[in-house]
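Straight from TrEMBL, the features:
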- 12-32: transmembrane segment (TRANSMEM)
- 70-88: transmembrane segment (TRANSMEM)
- 133-152: transmembrane segment (TRANSMEM)
- 186-206: transmembrane segment (TRANSMEM)
- 218-241: transmembrane segment (TRANSMEM)
- 270-293: transmembrane segment (TRANSMEM)
- 305-323: transmembrane segment (TRANSMEM)
- 353-376: transmembrane segment (TRANSMEM)
- 382-407: transmembrane segment (TRANSMEM)
Amino acid sequence: MDGAKVTVGRTAGLYAGAAVLRLALFTLFPGLPDLLTGRVEISTPVTSFKRLQEGLFLYNHNVSPYDGGVYHQAPLLLPLFSLLPSFSTLPILTYLLYIAVDLLSAGALLKIADSGEAGSSALFTSPRREKRWSGFIVAAVFLFNPFTIATCIGRSTSVFTTCAILHAIAKAVAGAPFSAMVALSFATYLSLYPLLLLPPLLLLCYDRRPPSSQKQPLLNFALSHIAVVLAVLSALLQMSYLMTGCSWEFLPSTYGVQLTLSDLTPNIGLWWYFFIEMFDSFRSFFLAVFWLHLSSYVGGLTLRIRRQPLVVLTLLLGIFAIFKPYPSISDASLFLAMVPLYRHLFPLMRYTFVIAAVIMYTTFLGPAFYHLWIYAGSGNANFFYAITLVWGLGLSLLVCDLTFAVLRDEWEVERPEMVGKEIRQI
């Protein structure tokens with residue numbers, strides 16, 4: 001009992017420290033939120049708080065928020081923020097909302113870590129599973145990650161997607177598949193791309209299903225829970241339809257923008273510069289190629305690492321942080337929050353120093369190169385795009401290195417005589 005009280009006290013202290021830090025940054029540096037909101041590394045056309053304010057202004061004046069061609073986010077965010085006092089007169093409640101969402105995300109991550117799923121799944125048990133960090137440490141890494149803090153201070157709406165994804169995974173490992181599907185539906189409604197997480201999440205739910213569903217075949221289980229996702233998404237879309245005056249115009253303005261990349265605002269992704277240089281006659285073809293490339297990882301990873309669906313979810317989050325149409329450091333912070341779950345695999349990773357150096361290098365040089373291009377006028381778009389390529393390289397190395405460590409761990413279980421021996425690719 002005393003140990004439980006100490007654990008609860010430590011967790012409460014962690015949450016309080018994270019909340020105080022964020023609140024201090026909000027209040028002691030009043031110009032910082034607007035500065036970070038304008039950064040392309042934090043805000044994208046589909047997550048920007050400034051664009052949300054524009055849509056909210058139109059919504060409050062009984063004008064369609066999608067008329068101006070600026071607002072590209074989910075319609076149901078508007079009534080949520082309209083319940084809050086005006087940001088210009090009383091911003092503290094908006095600050096508290098973003099802080100609360102970060103704490104909820106950390107709570108879900110803590111439950112995922114404490115479940116032990118990363119080291120011991122239903123079909124695979126790592127011999128290194130004892131070498132793991134507690135949920136307290138994993139949550140602390142997330143809450144005090146500079147990328148997470150910057151996203152919160154910049155008030156990007158991607159924090160809601162992050163929260164929904166982490167709760168979907170937490171509910172899956174807790175044996176609550178229905179709640180996991182509902183949470184994933186909300187994430188998909190907000191950002192579209194989380195729908196690609198459905199196959200590995202279904203497998204994770206199936207592996208951790210409650211005893212009452214033990215005899216249910218995988219196909220029946222999958223179909224019933226896919227129906228839940230479709231039903232929740234249909235309900236959310238129907239509510240959006242009614243909220244926008246019985247109009248479906250929000251569909252091309254939210255999901256259509258992500259599918260067609262109609263807004264080419266620079267970001268830390270790989271798509272924007274490529275399609276700026278693209279001839280219109282080839283645009284449709286390469287849009288299909290880019291989306292096919294992004295979605296092609298889902299099936300391969302799900303089948304190859306079937307015994308560890310949580311690993312598949314983690315790797316896909318890393319891939320999305322690199323290759324989705326409008327990525328930001330929020331996507332990277334979500335991926336980096338999941339990596340500490342695999343503390344037992346760190347000794348098998350080969351390029352940790354290089355990965356850390358590349359990510360730190362691009363974190364400091366990215367804003368400098370953007371300044372040279374936009375403000376100083378002494379550079380061009382190639383400056384900023386080059387550093388985003390290096391950023392993508394750093395995250396790609398981390399994804400590949402973690403994949404190698406996972407496969408090496410499985411291989412050593414299958415062939416114990418190879419433990420500790422060097423592997424060379426021929």
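Numbering starts at 1 and runs along the chain as displayed.
Cβ atoms here come from the backbone N, Cα and C positions, even for glycine.
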Cβ-based contact of the transmembrane segment (218-241) with the transmembrane segment (270-293), 3 or more pairs under 8 Å: no
Sequence-remote partners of the transmembrane segment (12-32) [C-beta within less than 8 Å, at least six residues beyond its ends]: 91-92, 95-96, 98-99, 102-103, 106, 136, 139-140, 143-144, 149, 152-153
Criterion met for the transmembrane segment (70-88) and the transmembrane segment (186-206) (at least three Cβ pairs under 8 Å): yes
